[in-house]
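Below: the structure, in structure tokens.
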Amino acid sequence: MIFIILERILAHTSFFLLFLITLIFWGKTIYTRNEKLDHFGKKGMVIAYSCVTGFLLNRWIYSGHLPLSNLYESSMFLSWSFSLIHIILEVRSPNFWLGTITAPSAMLTHAFATLGIPKEMQQSAVLVPALQSNWLMMHVSMMMLSYATLLLGSLLAIAFLCISFERNTDFPVYYYDTKPSILSFLQRDIHSSNREKKGSYLQKKFCLLSIDYRRWRLTQQLDHWSYRIIGLGFPLLTIGILSGAVWANEAWGSYWSWDPKETWALITWLIFAIYLHTRMNRGWQGRKSAIVASLGFLIIWICYLGVNSLGRGLHSYGWLI
């Protein structure tokens, strides 16, 4: 009874924190220089991550197995993964836009787990014989971590497409000591024009170029980190599929049975393999690669939720059928 009460407290506390953090990070998009919002957002994400970690550990202790055996537990683990990725990336490369994507992702998956899944499916149950294997931790954890990583990389690609829509992301700049500078771009006009007559014109032009330059810098960062994060998630997905094949052979006597879940996992792997191949070998960058990654975002949700909830197979929960 104590474990159940503690689980509810941790679940509700972490959801409230993630909701509040989402508002804070979205507020930062307006007040970008507000240090208090930045501080509260970073600390709040760490606290929310700790609460979700406590939730998973508590459920692990009283259930006796890794909390990845049903849709509720895997969704909470997915929310935990988004929080973990945010903390790691925030330490490695602090920026103002990361939390606007990771915080809502963690919050929405948490909300789906606690509010969208029926109560009877949230209860911990004894594992069926097929799931009573050491491969449970290896296979499911790798798959969920890969989902979180690939979803985040795909969301960055979608953000790139939204910001660069109908705009030229290859912003022309002049270089001084290999660093772009708008001031050097305007220097010719400032020296060659009459400052009294052209002052207001140059000021407006400088403002417009400053906005375009910031947009260009943001799209470059989104494209760069989308590629790096997907590059991290793809090996995790590969390990997850291979470990699942070994586990399937032990449980059902076949490495691959073309179950709907297995088929869509293969499709997901192929989509991101195409993304990485075209990115590395064909030189695709920007919109072309972002479109492929955006397609991968849809495929992952079909693989994770669509097949599990609507499909009929060895991995289906039978929720909506």
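We number each residue from 1, going along the chain as drawn.
Even glycines carry a Cβ here, placed using N, Cα and C.
Listed in TrEMBL for this protein:
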type	residues	note
TRANSMEM	6-26	transmembrane segment
TRANSMEM	46-65	transmembrane segment
DOMAIN	68-315	domain 'Cytochrome c assembly protein'
TRANSMEM	71-89	transmembrane segment
TRANSMEM	96-117	transmembrane segment
TRANSMEM	137-163	transmembrane segment
TRANSMEM	225-248	transmembrane segment
TRANSMEM	263-278	transmembrane segment
TRANSMEM	290-307	transmembrane segment
Can you tell me the mean pLDDT for the domain 'Cytochrome c assembly protein' (68-315)? 78
Under an 8 Å Cβ to Cβ limit, what residues of the same chain, 6 or more beyond the ends of the transmembrane segment (46-65), are close to it? 3-4, 6-7, 10-11, 13-14, 17-18, 21, 73, 76-77, 79-80, 83-84, 86-87, 106, 110, 124, 127, 131-132, 136
Could you pull out which residues elsewhere in the chain have a CB under 8 Å from any CB of the transmembrane segment (137-163), counting only those six or more residues past its ends? 66, 68, 74, 77-78, 81-82, 85, 97, 101-102, 105, 215, 218-219, 222-223, 225-230, 232-234, 236-237, 239-241, 243-244, 247, 265, 268, 272, 286-287, 289-291, 293-294, 296-297, 300, 304
